[in-house]
Each structure stands twice: as structure tokens, then as C-alpha cells.
Amino acid sequence: MHPPSRKDYISISLAGQGTYNNGKQWRRQSCWRKWKQLSRLQRSLILLFLFMCGIASYPAVAEHLRGLTDGERSTESNSVLRPVFPQVLPEPVKPLPEQSSQKKLSNKRGPPILQNRLQKKGNGTVTVKEKKEKEEEGVISWRGAVVDTDKDTGEAKDGESKDLANHTSGPSNQSEASLLEAVKDAFRHAWQGYKDFAWGHDELRPLSKSYSEWFGLGLTLIDALDTMWILGLKEEFEEARTWVATELTFNKNVDVNLFESTIRILGGLLSTYHLTGDTMFLDKAKDIGSRLMPAFNTPSKIPYSDVNIGKGTAHPPRWTSDSTVAEVTSIQLEFRELSRLTQDPQYQDAVAEVMKQVHQLDGKLDGLVPMFINTNNGQFTHQGIFTLGARADSYYEYLLKQWIQGGKKEDQLLEDYVQAIEGVKKNLLQKSSPNGLTFVGELSHGQFSPKMDHLVCFLPGTLALGAHHGLPADHMDLAKQLMETCYQMYIQMETGLSPEIVHFNMHEGSIRDIDVKLADRHNLLRPETVESLFYLYRFTKDHKYQDWGWNILQNFNKYTKVSSGGYTSINNVRDPDYTSPRDKMESFFLGETLKYLYLLFSDDPSLISLDEYVFNTEAHPLPIWPSTA
């Protein structure tokens, strides 16, 4: 027998007075009536008192929440990102490396559309502190990631000097072996994430412990082959070699981008063949090279952007018949080398025709080229816009490097390069205010824009390489100035990591040199700055370049490292407490960024000697051709 149900109110009927109701709804109405009867001042005082009570209790609550995650922290010395799971649920079982259900849409090289999060107010100029010995830890959560904000790697602080000479938190007191081991540790950590969650696929998504596909050809693995060989990671290399030998096939009905597959796959296979002498890699290079050749079957001989490597067909993008100038003029090193190795001239002939046509075209400005070229008529389009950033950058790089690769005999390439550098000086070079940083802007129909992509930071290294091979000494002077600017793009950010794009102030009275728009605050783990640091250190032996590279590596470890393996690009370099991870590790982080850091920290000039090798634009070293004289 159940007891009678209990009501939550009582009613008392009073003659002539209606019903007195003690229910919850009536009580709420009564409280609201009393609140409204208070004066505005009384209500304000009550609200202020409640607010102060909340502020007073916040530290205790925050400390309690921090304690909940202490048990999950990594024991590694560098702070990392890690997935967070609800406290009441166990961590999911680690997925198998090749679960097809985890495939996600991929993004092509370059910044995809951003989902910008709430930003910190202000955009003040900051620099990097020297390393603290005492660690201060905090925890910030974002979309399933916990960022352990280990302060050991140098947090940005307002008011400190921007003088680069004051930034001595680098590796000056560390041995070469310890610096090289730090890069190996970073590579092993990134590789472990790829091996566990993305093996054989194009790119790792470290936070979701999954992968994304672009071409479905194991881009990260192929991009990283020569890096592993150079770093001496033989066990990891052998695992990857086995996959290439037994699993990699190009007989697939898939569209690939001509430029990206050339610099990453063809370049990576050719480089690994030269470093190891293993003909299996050369055979694979021949296979992919021959499958890319249909791209050149156009009315103008300017190649289409996309090739179906299974069907043997090619086409431009759906929305245009144009290709980008950088893409069609930055495949030459690889195809020329493939012809030399196979004694088949078709590859070199195809890319040489492109360079010949571009050399003769109208529409240049003092050696500077527009960004687009039409595959039907072979003419520049969208004329009047000149940049050393996206869509034009590696055209200039490959002018110099083809000249070096061929034994410095192709004078037309050298002349075009030297003329272009003079065009940069005349039209795109300016200084910022208030500190006079030298930067490369853009020109649009005669109007100068102080916009500079991080991609432009390839230029200091290229200028230094040219000076090393006999070009004017002022090329090296300009390289040093631009190198300082590129490093400032890092240290003036609160995370010590550069955004994708910056704008420089040129007006007198400016408070800071660099501004960053909300849509440009992402960092994709790009290599261009550490690439140039490598060249500058190799040629000058000035240890400050190693110091700068060390600071960048430390900040990659601090803000982009994921505890379960891998590194992630981030959306916001301006807010160290809310970096907004993007859950993607680009293949070039292993193929380029870590490789250049390793070479930067090495004092052995014979390790990929710059008198014997030239790097393609994906950091794959190819041999300088022996003289036939």
C-alpha cells in the first residue's frame, strides 16, 4: 500500500476573501512583486553585492577545476594540447590507423575559411621574455582540447624592448647534440600521432585522432621520408619504406594538383632516392612523373592545374581556365631531374617550354609577374597585381634554383631572377614605423599595400643562397634585414608564433610596426622563416639565427603540440590562452619545418651541402648537376 501523494501547496478558503494559495508559482510572483517595489538604488546595491561575492569565490572554483585535470597532465617538459573527455566517461579506445569511417574532407595548401573565435581586445606590440626557470602552469579548454600553458618557453609581455639583441633565450648554452635531439623528439612525437591515427593517409587530425584525405596517396609519409633519413631515424624510415614498397600505388581514379603532387610526391621520392640509393624510390618517381604529363596537353602548353592520374586526363579548375604562375613555374627542378635520371627528355622539355613562354610574356613590371596565366592562350590574366606571396612566390625561387641546379649555365634564368629582385627593391620594398623594419609589400594597379604573407619569408634564404653563389653582396644585406622582419612577425605575437598575414604601419606616429587582421591570425606550422634561418646561419655562422629558431621550436611545442601525438595548426596567435586549435597537421611540418630546424642546429656544412644540393620548394634536396665541361 502506497502512502497518499503529497501536494506541494495548501489552499485555505476564507469567506469573502477568495483563495489564499501557497503554491510555488504564487511565491515566485510575490518575490518578483517585492523586487519591483525596491528602489533602483537598492536593486543596484544588491546586484553589486552578488557580483562581488562571485568574484571572491572565483579563485577557489578555478583551483578546483584545475585540480580535476592535474591527474591527466603529460609528464613531458613541454606543454601540449590534449583531447578532453567527460569525467564520467572513460577515454575511447584508440582507433585503428585506417578506419575509413574517420575520413574527413581535406583542405588544400593554404588557409581555408576560418571560424574565428572570440579574440582578446587590443593588438599591442609585444616581445618574448627570456626563459623562466620556474614553471607556471594553467589549463584552458577549447573544443575538446586542453592547453597546458607551460610558461617555460618564453611568454610575450608588453613593454619589453623589441631590440633583437636582447632576445638571448636561445640555445647558446646548449650543445649541438641536445639541439638536434630536441628536433628529433618533436619529429618522433609528430610521427607517432601520424602512425597511430593516420597511417597511410594524407594528413593527421591530431585532436580528433583521425585523418583527412586530399589525394589519398600518403602525403605526410612521402613528404617525411628524406627528413627521417637526414635525422637518422632509421627505424621509422624502414617502416615508411615498407609502406611505399607494398602499399603505395598511383593507379587510382583520383584528381591531383599538378604542383602539389610534383613538389611533395615526385620531389620527395627523387630526394629519397638520391640520399639512399634505393631504386625502388626512383621507380615510384618515374610512375608518378609519367602520370602527371597529361597536364601539359593544353593549347598553349601552359599546364592545367589538375590531373587524374588513373584516367590520364587533365583539366583546369571548374571556375576558371587559368593556372597560377607560381604553380606552373615551380615544377621545373623535379621534372628536369627526372629527365636527367631517366634519359627521357619529355619531362624537361615540357617544363622548359613553360619557362620560355613566361620569359617572353608582356605584362611584367620590372621583372615582377602577375599571379595568373591562361592555359588556352598562354597570356597573363588579372594583370597589374604583383606580390611575392601566394600564387607568385616560388616563381622567383625557382629562377635562381634552376640556374644553380644546371651548373650556372642558363643565363636567361639568372637574368630574370636578378631583374625581379631589382623590381622588388624598386616597387615592393618599404620600411615600417616606428622601428624601420624592412618589408616586402604588394602592388595593385599602382597602389601599394603594406601586406606581407608569411610565405614571403622564403625570400631572405633565397637572397642569401644567391649571394653564396656569386650574386651581388647587397643581396645578402637585404636578406639579413628581411630575416629580422620575419622574426619580428613571430616575437611581436603573444604566442611567439607568426600569423599567416601581417600588415605593416608606415605612418609617422605609429605605436607598433605590425598589425594583424582577425582573419589572418592563424598559424599553419609553416616553414618559410626557419628555412631562411637555416640559410642565414649556414652562410654567416651567426648564432643569433639558431637562437631565433630555438625560440620558434619552443613555441611550437608550447602552443601546438598535442599530447596523444602530432602538432596542430592554430587559429589565433594573438591569444596564448585561446589559440583555437584547427585539428590539422600539414604534411610540410614534417617535410619542411622540422627538417630545416634540424639543419639550422647542425654545425656540419656537409650535411646536405649547399654546394652539392639545391632544395625544391618543399625542402626536398636534389643534386646540383655535375659539370660536363
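Keep in mind that glycine also has a Cβ here, set from the backbone N, Cα and C atoms.
Positions annotated as active site, proton donor by TrEMBL: Glu260, Glu500. Look at TrEMBL and you will find Asp393, Glu528 tagged as active site. Look at TrEMBL and you will find Thr617 tagged as Ca(2+) binding site. TrEMBL lists 150-165 with the feature compositional bias 'Basic and acidic residues'. Annotated compositional bias 'Polar residues' per TrEMBL: 166-175, in sequence order. Look at TrEMBL and you will find Cys457-Cys486 tagged as disulfide bond. Marked as region 'Disordered' by TrEMBL: 73-135, 150-175. Taken from TrEMBL, the feature transmembrane segment covers 44-61.
The structure, with features from TrEMBL marked on it.
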| residue | record | CB count, 10 Å |
| --- | --- | --- |
| Glu260 | active site, proton donor | 19 |
| Asp393 | active site | 24 |
| Cys457 | disulfide bond | 29 |
| Cys486 | disulfide bond | 27 |
| Glu500 | active site, proton donor | 23 |
| Glu528 | active site | 24 |
| Thr617 | Ca(2+) binding site | 25 |
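Among the recorded positions Glu260, Glu500, Glu528, Thr617, the ones whose Cα sits within 10 Å of the Cα of Cys457 (disulfide bond) are Glu528. When the recorded positions Cys486, Glu528, Thr617 are ranked by how far their Cα is from the Cα of Glu260 (active site, proton donor), Thr617 comes first. Between the CA atoms of Glu500 (active site, proton donor) and Cys486 (disulfide bond) there is a gap of 11 Å. In this structure the C-alpha atoms belonging to Cys486 (disulfide bond) and Glu528 (active site) are separated by 9 Å.
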